[in-house]
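Annotated substrate binding site per Swiss-Prot: Thr64, Asp138, Glu198, Lys228, Asp232, in sequence order. Per Swiss-Prot, the feature NAD(+) binding site maps to 199-201, Asn233, 262-267, Glu285, Asn320, 341-343, Asn386; the stated evidence is sequence analysis.
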Amino acid sequence: MVIANSVKTSTPKFIISDISLSDFGRKEIKIAETEMPGLMALRDKYQSEKPLKGAKIAGSLHMTIQTAVLIETLVDLGAEVKWASCNIFSTQDHAAAAIADQGISVFAKKGETLDEYWQYTHYILDWGSDFPNMILDDGGDATGLLILGSKAEKDLSVLDNPSNEEEIALFNSIKSKLKNDGEFYSRIKSNIIGVTEETTTGVARLYQLQKQNALPFPAINVNDSVTKSKFDNLYGCRESLVDSIKRATDVMIAGKTALVMGFGDVGKGSAQSLRGLGAIVKVAEIDPICALQAAMEGYSVVRLEDVVEDIDIFVTATGNYQVITHENLVKMKDEAIVCNIGHFDNEIDVASLKNYQWENIKPQVDHITLPSGNKIILLAEGRLVNLGCATGHPSFVMSNSFTNQVLAQIELFNKSEQYAKEVYVLPKHLDEMVARLHLDKIGAKLTKLTKEQADYISVSVEGPYKSEFYRY
């Protein structure tokens with residue numbers, strides 16, 4: 001591990017695994033840039049204007065090669081950045097090294113402890129005598145830390161009853177910070193202009209806060225941009241799920257019976273990926289609309305408890321809690337593969353397995369012996385499998401998502417007075433712009449409306465072409 005100290009603050013300049021990996025990281029970043037036309041177009045468009053000059057961004061998002069391209073785009077557009085990963089297993093160490101080598105503050109390494117994770121999240125918020133004024137979040141941990149910490153400043157008892165290992169580490173990190181600075185969280189929170197949120201789970205947290213009138217600053221829901229959710233969540237998972245399962249286990253997927261739990265965009269992509277390699281795919285759903293969609297796609301829609309003993313590969317994709325319980329786990333067949341592609345690690349009741357015999361096969365692959373004598377293969381300890389056991393989504397699809405992130409950061413930072421403490425989405429014309437920026441790369445050519453055709457369907461020749469309520 002490499003720690004470099006900053007001259008301005010007690011917070012280190014960066015913490016990474018190995019700075020010698022920076023050349024390797026830089027080579028992969030250069031390749032990724034050729035696959036990320038949206039971000040590169042924004043660099044060209046805004047290079048001289050620097051619309052993020054003065055922005056001080058605290059970023060909490062998987063520290064991958066693709067994220068490195070995002071970070072350097074933000075910096076090119078004028079921002080100062082401090083970055084941490086939003087998952088203990090998702091960092092690509094060579095990507096972190098390449099960013100650190102550019103003098104950018106990054107606190108990320110693959111295989112962090114929970115204590116390190118929350119320490120690093122604190123580091124991106126601690127700018128010494130200065131303050132961050134923007135948050136770029138994935139899962140809502142940076143935003144949530146500020147809110148919970150602010151509550152603890154007034155009433156420390158909110159930290160009295162942690163319910164799991166993650167909360168123990170989180171609560172301890174807040175208590176430690178408050179011992180040295182009793183107003184840290186409220187001071188930082190008061191300087192935040194807004195947050196842009198990347199993923200479904202984090203967006204759900206923001207809407208909960210809005211419903212409670214507890215959102216401390218404006219937020220842009222990047223996840224529900226069409227060019228994010230219908231591309232990253234669907235097409236990204238369609239490629240990265242099977243990539244991670246194959247890298248982790250080397251099993252033949254064809255002929256296996258797989259259960260995908262959740263048939264939202266992530267579940268749809270996951271089911272397609274498994275079917276594409278010849279798996280017999282079943283789907284579990286709570287939503288009758290999604291269940292009907294799954295049935296119309298030819299998947300058997302089942303209940304977990306009815307099929308648990310017959311499934312070879314379990315994939316959770318719900319964003320919910322305790323989707324696979326201890327009762328389900330102990331009934332699984334020998335050598336069943338269990339993994340999660342939702343954001344957090346609580347979809348599978350991993351904690352209930354801690355008293356059984358674990359055999360680590362390789363990083364993020366564990367053999368667990370059940371009371372029945374059967375063994376299951378747990379991937380990434382129930383955390384995001386595609387980033388724990390592989391390298392996440394391909395660069396091209398992440399360019400869609402991250403182009404939305406940059407546009408959202410520019411919008412909030414420059415027009416903060418136009419936004420109340422609510423959750424917003426980017427307007428349709430920006431969604432369409434993001435899509436346009438990616439068409440040339442794949443050789444797609446748009447048909448152009450005539451003026452008469454545009455008038456006939458009551459749209460502009462240049463778009464937007466769909467209503468805000470259109471479901472793609």
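Using N, Cα and C of the backbone, Cβ positions are placed for all residues, glycine too.
Note that this is a predicted model, so its numbers are computed, not measured.
What Swiss-Prot annotates, mapped onto the structure for a quick look.
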residue : record                 : DSSP class
Thr64   : substrate binding site : coil
Asp138  : substrate binding site : coil
Glu198  : substrate binding site : coil
Lys228  : substrate binding site : helix
Gly262  : NAD(+) binding site    : coil
Glu285  : NAD(+) binding site    : coil
Ile341  : NAD(+) binding site    : coil
Query = If you measure every Cα to Cα pair among Thr64, Asp138, Glu198, Lys228, Asp232, the residues listed for substrate, what is the largest value in Å?
reply = 17
Query = Using C-alpha atoms, which one of the binding-site residues Thr64, Asp138, Glu198, Asp232 comes nearest to Gly262 (NAD(+) binding site)?
reply = Asp232
Message = Nearest of the binding-site residues to Lys228 (substrate binding site) by CA-CA distance, picking from Thr199, Val266, Glu285, Ile341?
response = Thr199
Ask   = Measuring Cα to Cα, how many angstrom lie between His343 (NAD(+) binding site) and Asp138 (substrate binding site)?
value = 9
Message = My understanding is the cutoff is Cβ-Cβ under 8 Å with a sequence separation of 6 or more in the same chain; which residues meet that for Val266 (NAD(+) binding site)?
response = Thr200, Asn233, Leu234, Cys237, Ala317, Ile341, Gly342
Remark   = Top of the binding-site residues Lys228, His343 by count of other CB atoms within 10 A is Lys228
Inquiry  = Would you identify which of the binding-site residues Thr64, Thr199, Thr201 has the most other C-beta atoms lying within 10 angstroms of its C-beta?
reply    = Thr199
Candidates Asp138, Glu285: member of the binding-site residues with the richest Cβ shell (10 Å) = Asp138
Task = Restricting to the same chain and to sequence separations of six or more, state which residues have a Cβ under 8 Å from that of Asp232 (substrate binding site).
result = His393, Val397, Met398, Asn400, Ser401
Ask   = Given the binding-site residues Glu198, Gly262, Gly264, Ile341, and counting only Cβ atoms in the protein chains shown, which has the most within 10 Å of its Cβ?
value = Ile341
Query = In whole Å, how far is Asp138 (substrate binding site) from Gly264 (NAD(+) binding site) when you measure between their Cα atoms?
reply = 18
